[in-house]
């Protein structure tokens, strides 16, 4: 089986040798190129999510949605981003300029870092850490601090209240999220995202953790929506209550960065759902898998399939994640916003006991299996 990542790396190293570039410099160039490709790809993914949300929302409300900016309005998000980039950046007169500027950066940067441990294919990952899933939880917990800093630096009561809500919401739902991830790690025997996907692929479609951990999947789904501050859990920026929450005093590109961070977090969350519960890059779907086995009997076709394998893996991962995103977007128009007390009760009195009970059941099953 061809390892395409190693193949490309070896080709580049051979090219660097011909150009008499040192090994350390060539490795630095490879890391920079891989990171740049990931950032560009993730940014394009965010633009697609924004367009998809607008189109799905328009369909739910019997509207047309984006139409004029490109075919089917596909570049409307890019046009809006350029518009925000050209707008004036206003700083509140009595606000803290340093904290006001640091808020958007603290929100966006950690979310980009979490993509380091997301496997888009068997060998398509920037950093296969042994603690990949907990690295994601640890890094993503920094984001509410940025929202709190942004609200405090704005010197606005609505902004500060939105930041406090974001911090309370994150603390409430990170614990059930971590317990669900720990249950998956117990089943897989590893905290590595690659190992978790490979454990599921051993048993095909029915080996996905979605079937083995249905309770954990539901708890993870609700917790991830709350972590991403999606409706019905968008209390930190509730327009009817807090004007625009922590974004009230922001304008221009800083205002746009909050939305970029929100959609980056949503995409990362959907990718982790795919990795943890939906088999990752594994294409073990009934009927389609059998057809692929019949076609691959030819040696020529088999070699072609080996060459195309990384593309198929990336396409499979993204297809599953956008399929999950479709249901996340639908919740925006089907469920009403909850109150703050209902939000905290749901996290502490419902999801936490369920996630803890699911962890105990998983641990008991694991002990019985080993014994």
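Backbone N, Cα and C atoms are what each Cβ position is placed from, and that goes for glycine too.
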Checklist entry - According to Swiss-Prot, which of these ranges is transmembrane segment: 8-28, 29-49? => result 29-49
Checklist outcome for this item: Among 77-97, 98-118, Swiss-Prot lists transmembrane segment at 98-118
Item to check | Two-stretch contact, the transmembrane segment (177-197) and the transmembrane segment (350-370), at least three Cβ pairs under 8 Å | outcome: yes
Checklist entry - Out of 98-118, 205-225, 310-330, which stretch touches the transmembrane segment (255-275) the most, going by CB pairs under 8 Å? => result 98-118
Checklist outcome for this item: Same-chain residues at least 6 beyond the ends of the transmembrane segment (350-370) with a Cβ under 8 Å from one of its Cβ atoms are 173, 175-177, 179-180, 182-183, 186-187, 213, 215-216, 219, 222-223
